[in-house]
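Novice: Sharing a structure, written as structure tokens. Questions coming.
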Amino acid sequence: MATIIYDNETTFDALKDKTIAIMGYGSQGHAHARNLHESGLNVVVGLRKGSSSWAKAESDGLKVMTVEEAAKAADVIMILLPDEKQASVYYSQIEPSLEAGNALVFAHGFNIHYNQIVPPKDVDVFMVAPKGPGHIVRRTYTEGIGVPGLIAVYQDATGKARDLALAYAKGIGATRAGVYETTFREETETDLFGEQVDLCGGLSALIKTAFEVLVEAGYQPEMAYFETCHEVKLIVDLIYEGGLERMWHSVSNTAEYGGMTVGPRIINEESREAMYEALARIQNGEFAKEFVLEGMVNHPVLKAMERQEKEHPLEVVGKEIRANIPWLNKKIDDD
């Protein structure tokens, strides 16, 4: 079982008198930077010249520099850029300024685990990965709570990498909910597996296929959308709040019996084998190689799939239905 560390077991001591550079000011970047700053730590934000986020970060009360300037100024450097951009930015704008005893921090282990970034041996390398989107990391921090997080140490040059990781996790509010110790390998491989097999890939494929079956069987697209896509959130919220047990307890007996008897026929041994195949491609680096090569030519396959997805009948009818839900439109505007 994983080791869990809570707020009362941690201090900011390891980060006192250190400058933390947050590279990037997107969903996670803005949350990390603002939370750390409001925790009393010394934070700078590293952005490219001309970035649309520059003025936003300054208006949030943060000191903003170019990535190169931030790397030179910092003792601890958190890289919160898209996976496919991290290596090029690291080698051209961060590594030249690294000094012995500095620390590199990641929120996902992809580039370290798959050797896209190979840090010098005299710097600490660790991970702090909150298990929630940036706006939730930020909101829960301001509410005095937090989201759970993961920490991992890849390289401990100073002997203080774990202390730094815990202090950083405390600074963003993660220790309030508990941080779980893991490894770069475990975090990377399980994260990719979850994204591909159920959270993003498996779930979206299941929704689309179920929608298509109902429409092909002659049912109205609107009815198919409500039953196969719209109501997913209702079920997921129940699982999120209390696990599968809470979900089964909350639905009707008809839904429970039908779900328990038919579900295993849909997600069956063939599905399990496909999951193992996906996991093997993650473990042996095949997926990483494919993704890196795709990024080197500006993601033509991904862009084509995005276009196809946008044109899918599920998306067309879903857009029309969501336009008629005022409270949902307000939430999207607020986000």
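Using N, Cα and C of the backbone, Cβ positions are placed for all residues, glycine too.
Sequence annotations record features per position, and here Swiss-Prot assigns active site to H108. The NADP(+) binding site annotation in Swiss-Prot covers Y25, G26, S27, Q28, R48, S51, S53, D83, E84, K85, Q86, G134 and rests on sequence analysis. Annotated Mg(2+) 1 binding site per Swiss-Prot: D191, E195, in sequence order, evidence recorded as sequence analysis. Marked as Mg(2+) 2 binding site by Swiss-Prot on the basis of sequence analysis: D191, E227, E231. Positions annotated as substrate binding site by Swiss-Prot, on the basis of sequence analysis: S252. Annotation source Swiss-Prot lists domain 'KARI N-terminal Rossmann' at 1-182, citing sequence analysis. Under the heading domain 'KARI C-terminal knotted', Swiss-Prot lists 183-328.
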Novice: For the domain 'KARI C-terminal knotted' (183-328), what does DSSP give as the number of helix, strand and coil residues?
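Specialist: The counts are 127 helix, 0 strand, 19 coil.
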Novice: Take the Cβ of E227 (Mg(2+) 2 binding site) and count every other Cβ within 10 Å, whichever protein chain it belongs to.
Specialist: 14
Novice: Just give me the nearest neighbour of R48 (NADP(+) binding site) among the recorded positions H108, E195, S252, Cα to Cα.
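Specialist: Minimum Cα distance from R48 (NADP(+) binding site) across H108, E195, S252 lands on H108.
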Novice: Given a separation of at least six residues and a C-beta threshold under 8 Å, show me what packs close to Q86 (NADP(+) binding site) in the same chain.
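Specialist: Spatial neighbours, sequence-distant, of Q86 (NADP(+) binding site): I79, F110, N111, Q116, I117.
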Novice: I'd like to know which of these recorded positions, R48, H108, is least surrounded, judged by other CB atoms within 10 A.
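Specialist: Each of the recorded positions R48, H108 was scored; lowest Cβ tally within 10 Å is R48.
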Novice: Which value does the mean pLDDT take for the domain 'KARI N-terminal Rossmann' (1-182) in this predicted structure?
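Specialist: Its mean pLDDT is 97.
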Novice: Between E84, D191, E195, which of the binding-site residues has its C-beta surrounded by the fewest other C-beta atoms within 10 Å?
Specialist: E195
Novice: Once the DSSP letters are reduced so that anything not helix or strand counts as coil, what is Y25 (NADP(+) binding site)?
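Specialist: The residue in question, Y25 (NADP(+) binding site), is coil (DSSP, three-state).
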Novice: Might you list, by sequence position, any residue in that chain lying six or more from S27 (NADP(+) binding site) with a Cβ less than 8 Å away from its Cβ?
Specialist: P133, G134, H135
Novice: Within 10 Å of the Cβ of the residue listed as 'substrate binding site', how many other Cβ atoms can be counted across all chains shown?
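Specialist: Here the count is 8.
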Novice: Far apart in sequence but close in space: which same-chain residues, 6 or more away, have a Cβ under 8 Å from S53 (NADP(+) binding site)?
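Specialist: Result: Y25, G26, G29, H30, L47.
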Novice: Please report the distance from the Cα of E231 (Mg(2+) 2 binding site) to the Cα of E195 (Mg(2+) 1 binding site), rounded to the nearest angstrom.
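Specialist: Given the Cα positions, E231 (Mg(2+) 2 binding site) is 20 Å from E195 (Mg(2+) 1 binding site).
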Novice: For the C-alpha pair, I'd like the distance in angstrom between E84 (NADP(+) binding site) and H108 (active site), rounded off.
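Specialist: Distance (Cα to Cα, whole Å): 12 Å.
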